[in-house]
Amino acid sequence: MAASTRALFLSCFHGSGGGGGTSEVSRRLVLRPRYPSMPRRPRSAAVAGEGGEGGGGGGDGDLEAAAVGAEEEEKVAVFEVSGMTCAACAGSVEKAVKRLQGIHDAAVDVLGGRAQVVFYPAFVSEEKIRETIQDVGFEAKLIDEEVKEKNILVCRLHIKGMTCTSCASTVESILQVVPGVQRASVALATEEAEIRYDRRIVTASQLTHAVEETGFEAILITTGDDQSRIDLKVDGTLNERSIMIVKSSVQALPGVEDIKVDPELHKITISYKPDQTGPRDLIEVIESAASGDLTVSIYPEADGRQQHRHGEIKRYRQSFLWSLVFTIPVFLTSMVFMYIPGLKDGLEKKVINMMSIGELLRWILSTPVQFVIGRRFYTGAYKALSHGSSNMDVLIALGTNTAYFYSVYSILRAASSHNYMATDFFETSSMLISFILLGKYLEILAKGKTSEAIAKLMDLAPETATMLIYDHEGNVVGEKEIDSRLIQKNDVIKVVPGGKVASDGFVIWGQSHVNESMITGESRPVAKRKGDTVIGGTVNENGVLHVRATFVGSESALAQIVRLVESAQMAKAPVQKFADQISRVFVPLVIILSLLTWLAWFLAGRLHGYPNSWIPSSMDSFQLALQFGISVMVIACPCALGLATPTAVMVATGVGASQGVLIKGGQALESAQKVDCIVFDKTGTLTIGKPVVVNTRLLKNMVLREFYAYVAAAEVNSEHPLGKAVVEHAKKFHSEESHVWTEARDFISVTGHGVKAKISGRAVMVGNKSFMLTSGIDIPVEALEILTEEEEKAQTAIIVAMDQEVVGIISVSDPIKPNAREVISYLKSMKVESIMVTGDNWGTANAISKEVGIENTVAEAKPEQKAEKVKELQSAGRTVAMVGDGINDSPALVSADVGLAIGAGTDVAIEAADIVLMKSNLEDVITAIDLSRKTFFRIRMNYVWALGYNIIGIPIAAGVLFPSTRFRLPPWVAGAAMAASSVSVVCWSLLLRYYKSPKLGR
């Protein structure tokens, strides 16, 4: 019955394609079948490469043509469907699902209660499929899914012109509705967008165009598929013929995926597979094809983001200085010269009826500030309003224009009247713009500091490298200095003392110590000799090294770290939603409050709600009310709220990276600061993860050198980790550098028990207790006592016998890390409970937990049981972090609120972990928790300041203190306060740059 059920289940998934037995169906299920039908796409969806840059055009035939060859690049979801009783039920479910757009295929198994759906996630979601099944009348639950993401890419855009959270929200919402976009995130602090998209539906250039249509300028940083891309500069004439020759020659090279030639910029962009070709090969082919007419070099590298940042700083500085040229005279004529008798008379001299020279002069001087220097605020306001949103620019434009145009109205009325005395606020609009420009200038300077960590990482790579040249016999015949970007895989690079390692690779000659602190955070130089790996960007301290390049360019560890930190700085913390929600209503609310403030004061003045003595001599009730209204409009600051979280996250992720703690974004930071329970794996986490010999007991009259010569000769052929540990230890007693051991004859290895061999005429056996007993060897009482003693200490005892007699016992252990006990103790002082979960036996587990000070231990746990323990703790209301090596701990790392992969080294792209600890140092666990807590303290203080500033500042600007103290906040002072609030938030976050990790023992 079971066999027939399985056959029916498999045949159900096989569909009606016919043919094939059960084994063929099984193979298809494992390999994800290629179904005969074409994927159906929405008719409105644009397909990349069809219909020009806009991506339009084409009917269903075009859409199907675009899908050819993409059948295997889909998402596969399996649903548990309950309630089906017959084939008709299965047929109705299958028919309903297949009717959805974006479904590749669907198969339903009525006996197993399963439905497998192959679909394109850009067009339909798992939730939509589940709802469709339920609409048919059955309960459905998603139980498994797999994505084949060859066509799913992530591109990054640098976006110019965003001034506040509202701008970022506008761009984000526009990107999220572009067909083919799965996810879009826009960060104001970094002025970048990260977009996950399906390249079959939309291109990176179309995404750039979508942003530019919102009124912002977008610069493509990376398309997601250009990890092996190079830009080459061409000196010489690029005509149609030479371009054709270059293209055909380059495309003939194995590994070349794409080539684009820009004759105007004299630039060639090539995408290639670094395993098959490299930049030097490409340059050589181009120059050879052009017969010497073209000279090719690496295109000057330029960081668009840094260039934009410097350009923005320069523009704001120039704008501010130019504004001062006009604003200072306006301020002097309205605030200072009016109190100097001689100057006052001259300024009050009438030129047209009641219009004075001073008023005319202020109008002339303030106009360039309002419309030329302040043009950026009009542009920003227009962009926001045209997309149905509002931002800080709207408030500034409204506030300054209200002051300016009322002043224009007032002096024009005076010019046409013989008795009207004008009152102008030209100094208000001019000084407002000047102070806001100053604030923006300081804010951009400060924001630039938040991304210094990435800039420093990128600067670690040396500009040049010394490449060794070999002859056909493998002898070094010369060396050549090349641009480090021209290094190809398998090149041999010479690294001199004090020089930087130019590429990831391994040492093929020489020995030295290398300072890796700038990459891993490891403070002590690491010894390197033949066979050891080195990391690009690290510093060689003493000896000369010859390094064979393995990972170059974007594949290097340094490039991976930079990408990870950049991605982390884009990821929003959940607490950021609070600021996003406020920003949606902030500006409209402030405008309403401003109007209500003006109306309340104006009506109170007209209805004699306050004494006339409250009104300054130079104003009337309307003008007093207007000043209060403008002050409310310009003091309100949504920018401080918008910058509170991302600036702190940016600095924290950069600081963490500099210490070898790679935090994957705001979500990880926010979860880590709540952790009150940490689950530790044992092997490789609390212990060093490598067995070492800790003790040797000789039971016969032998010297250690002779003893280990026999043992190593027997174990040298063993693949067991304990055998390797014994051989490594034996090298200490062996004088020959090559460590050539005596040849073993009649070698026999019994898996899990031991080895035996004939060495120099003696029968040598190395293994455990059972191996000796089954081999007929008597174990003396003294040896049995040692075995019991070692087991109690969680150490493995290896018995050595020669010629049927036990001659010694070797104790091997995976020792705990030197600071493990101190780390557990420190975590306890941080109110964090430590739990050990291991797959090892209870005896070893209890011994280790006792040694490090952990009270709660779970032993003999499989990987899935580790995850269950994490979930059990979470169900009890605990916030759980899991610390493991990222290999067999993946289920638990994923299940935990925060997964920390320790000892990752240069393998920083561990998907299961939220935080990657590059070193094997347990202190970094404390650093990760402590840094997250201090970061969120900063974030909370930022919010307290930003909210407190607005809650207190807006009422003061509205004149709440005026009745009792006659204190009022002039609009230009309110504007200065607004500018200062944003700067203060960024500066408060910048203090995280001076973070020092806790030191044990303090």
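Quick reminder: no glycine exception, Cβ is built from N, Cα and C everywhere.
Some features that Swiss-Prot has for this protein:
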- 49-60: compositional bias 'Gly residues' (COMPBIAS)
- 153-219: domain 'HMA 2' (DOMAIN)
- Cys164, Cys167: Cu(+) 2 binding site (BINDING)
- 320-340: transmembrane segment (TRANSMEM)
- 354-374: transmembrane segment (TRANSMEM)
- 392-412: transmembrane segment (TRANSMEM)
- 425-445: transmembrane segment (TRANSMEM)
- 585-605: transmembrane segment (TRANSMEM)
- 624-644: transmembrane segment (TRANSMEM)
- 943-963: transmembrane segment (TRANSMEM)
- 972-992: transmembrane segment (TRANSMEM)
Stretch among 354-374, 425-445, 943-963, 972-992 sharing the most Cβ pairs under 8 Å with the transmembrane segment (585-605): 943-963
Mapped DSSP class for Cys167 (Cu(+) 2 binding site), helix or strand or coil: helix
Stretch contact, the transmembrane segment (392-412) with the transmembrane segment (624-644), Cβ-Cβ under 8 Å, 3+ pairs: yes
Range from 354-374, 425-445, 943-963 with the greatest count of C-beta pairs under 8 A to the transmembrane segment (624-644): 943-963
For the transmembrane segment (943-963), distant same-chain residues with Cβ under 8 A (at least six beyond the ends): 578-579, 590, 593, 597, 601, 610, 614, 628, 631-632, 635-637, 640-641, 644, 969, 974, 977, 981, 984-985, 988
Confidence summary for the domain 'HMA 2' (153-219), mean pLDDT rounded: 84
